[in-house]
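Enquirer: Got a structure for you, questions after.
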Amino acid sequence: MLASLLCLVLGAFLAWQAQAQQGERLALVMTVDDAIGPAISDYFTRGLSLAEEREAEIVVVAMDTPGGLDASMRTMIRAMLTASVPVAIYVSPAGSRAASAGTYLLYASHVAAMAPATHLGSATPVQLGGGGLPGLEEEQDEGRGDDGQPPAQDSEADEGAGEETEGEEAEGEEAGGEDAEQTAPPRRGETAMERKVLEDAVAYIRSLAQRHDRNADWAEQAVREAVNLTAREALEQDVIDVVARDVEDLLTQIDGRRVVMDQGERTLATTELTIERLDPDWRTKLLAVITNPNVAYFLMIIGFYGLIFELSSPGSLIPGTIGIICLLLALFAFQLLPINYAGLALILVGLGLIVGEALMPSFGILGIGGIVAFVIGSVILMDAENLRISLPMIGGIALLSAGLMLWVVTRFIGLRRQPAKTGQDDMVGSEATAAEAFEEQGHVRLLGERWNARSSEPLRKGQVVRVTAVDGLTLVVEPLDKAH
């Protein structure tokens, strides 16, 4: 009877709690305060899914980002444009920025807001592998027409005839423009691929601006010329919708505003909302660490050397286990990051040559070639915006590899000067180490190799022993203190 009563009370409480949550009007607040990458993209899309599941009135993303990966940015924008919940990108707190990819996200949001003392802009795409794009060409005579201006293109063709006098007809001007196009060298960094990347970025950000009726001309200028605006300037130029002190002020100002959703127009009702924060969880933080280029690079190096140590000394298990785990984590990170596969190939070739130097000493020829290939591959492996491998880390690992190579070469030279020693009898009198505690039968390690061993006395793990005889593939050993 008592149990039934408790079940009824518990059921009523759960039903009341579910009804209260269902009737609660919610504003979900997320935080993006790092470079846009796979971890941030995953966190953002999962947050939108949660907001849709809980039927939140709005999602507010407090953002402070220097930019990031184009693929991750586009994933976030697609999720935002197709979401059934309005998204407000809010550049905050004071001193924050929405640079590069952050500018695109701001333009894609249903409500674009900024806190005082923040800024946005510098949306020129940075091509993988380095090098500037046409929007950032230097003001210099090389690559410009005779009049000191960029080569005439499209609607600027008529202006390309600056050499002609005012008295000449338009026909002469047109001819002059065509001649300028043919003779003027291309601008610095203006390759066909770079033009395609730039024009694609311009069209993309203009389409986002037109969808939400924002300043498309300034958006194009931000892409082509990397210009920036403060919060107040952005509001005056119709780049953003609101300048707000905090989230509460933002929700108050946008109440009643009409926004364009994928399902049609919607009027926001953002007063008296319950504000709930959704901070990055352990999964997001772990993914952010793994996809850090420096961490992924270091994991790859640790994994590679771990496998090499395991193969050179079978039975150790620990280096091999660590190596496999690190290598798998590195491969997972590289799958998500925009790596240059030529750089990855050079790194693997370089490490292979260094290992070759250790296994088949060539007096430094293989080792030096391996270090050169390793350094070049590391430098060009990844050069996306805000996602680069630290040069000091590359230099440190290169010096470590060079030191290893030097040690191998000097040891090889020293061994060549020693008289040749062959045969099992040469092992008699050598010192070995017990691989585990055993009585009578067990294993010892001798010169980096694992041998079957037999002892007339119990041995502790790690105890130093002396080889007294060799019986086939079994070493007869005794404790070193007894031998003395």
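The backbone N, Cα and C atoms fix where each Cβ goes, glycine too.
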Enquirer: Among 87-105, 315-333, indicate the range for which TrEMBL gives the feature transmembrane segment.
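Expert: It is 315-333 that TrEMBL describes as transmembrane segment.
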Enquirer: When the pLDDT values for the domain 'NfeD-like C-terminal' (425-479) are averaged, what is the result?
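Expert: Mean pLDDT across the domain 'NfeD-like C-terminal' (425-479) comes out at 87.
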Enquirer: What else in the chain is close to the transmembrane segment (387-409), if you only count residues 6 or more beyond its ends and a Cβ gap under 8 Å?
Expert: 35, 37, 68-69, 293-294, 297-298, 301, 337-338, 351, 354, 357-358, 361, 363-364, 367-368, 370-371, 374-375, 378-379, 381
Enquirer: Mind checking how the domain 'NfeD1b N-terminal' (29-130) divides into helix, strand and coil residues in DSSP?
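Expert: Across the domain 'NfeD1b N-terminal' (29-130), the residues distribute as 37 helix, 28 strand, 37 coil.
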